[in-house]
Amino acid sequence: QISWTPLLLLGYLFYLLLGAMVFQLLEKQAETHFRDQFQLEKLKFLQNYTCLDRQALEQFVQVLMEAWEKGVNPEGNSTNPSNWDFSNSFFFAGTVVTTIGYGNLSPSTLAGQIFCVFYALFGVPLNLAFLNQLGKALNTHLLTLERWVQKPGRAQVQCQFTILAIFLTTGTLLFLVFPPLVFSYVEGWSYGEGFYFTFITLSTIGFGDYVVGTNPNKHYIPVYRSLAAIWIVLGLAWLALVFNVGADLMERYLQLKWHKSDLSLAEADTTKLEDEPEQPRIHIPS
């Protein structure tokens, strides 16, 4: 039986190529538009303030970029809340061990960077072990629910499908549907932006274009980001189980299709050999 790994590799590469083409088609034109608009705004700024030259403006833009890279929001004034109070630091520690890494905030001191390396070195395996244990607990509750739902005479496949549907529906509501409503209300995002942030966060992609609790013009309760960190951990466990189920189903489907293909080829060869008349064997003397 031929391994189906090359088929999976080709499918994986095709999926990456497809994503690259679609993203390029959707985003490249918008990027060009924003770039041209930004250059136009700089020209207007120089025309309105003739005491400045282009070099001074570029230096100021560089200062703004460096401030943003250090986690300082250029908007507002010096009264903006600190990025490193306990609530924000707790949220940052959660993004480190969960490998989300939004990128909007990072340690700027050498001591902080070194500590972050060792903290992640031990924290990431600890987080994986915790999520694994949490996943086992969820599986245990699912088995308990299955035994409670299953009744005499009811098909086992139907019962398992019902449990899976309950698990997916409940988790989707708790971790993907309701949280965007909260983020839309607190952050002022649209529901689509909140849903985008929710999935990008729980899948540990973490682009950093949307992060909760970073708007300097809004007043957040002190435990807001800490509660968000707890939601992230629980949502990670649920979505990891969903991804594992999806990967397992996809792997079984590919193996089944490949196995059926091998069996069809083998049956075709067998039928062909049976249909062909036996050819006389000619002995050629040496």
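The chain as shown is numbered from 1 upward.
The backbone N, Cα and C atoms fix where each Cβ goes, and this holds for glycine too.
What TrEMBL says about this one:
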DOMAIN    79-138  domain 'Potassium channel'
DOMAIN    169-251  domain 'Potassium channel'
CARBOHYD  Asn77  N-linked glycosylation site
TRANSMEM  6-26  transmembrane segment
TRANSMEM  86-105  transmembrane segment
TRANSMEM  111-131  transmembrane segment
TRANSMEM  161-182  transmembrane segment
TRANSMEM  194-212  transmembrane segment
TRANSMEM  224-247  transmembrane segment
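Against the transmembrane segment (224-247), stretch 86-105 shows more Cβ pairs under 8 Å than any other of 6-26, 86-105, 111-131, 161-182, 194-212. Mean model confidence of the domain 'Potassium channel' (169-251) amounts to 89 (pLDDT, 0 to 100 scale). In the domain 'Potassium channel' (169-251), the DSSP tally of helix, strand and coil residues is 59 helix, 0 strand, 24 coil.
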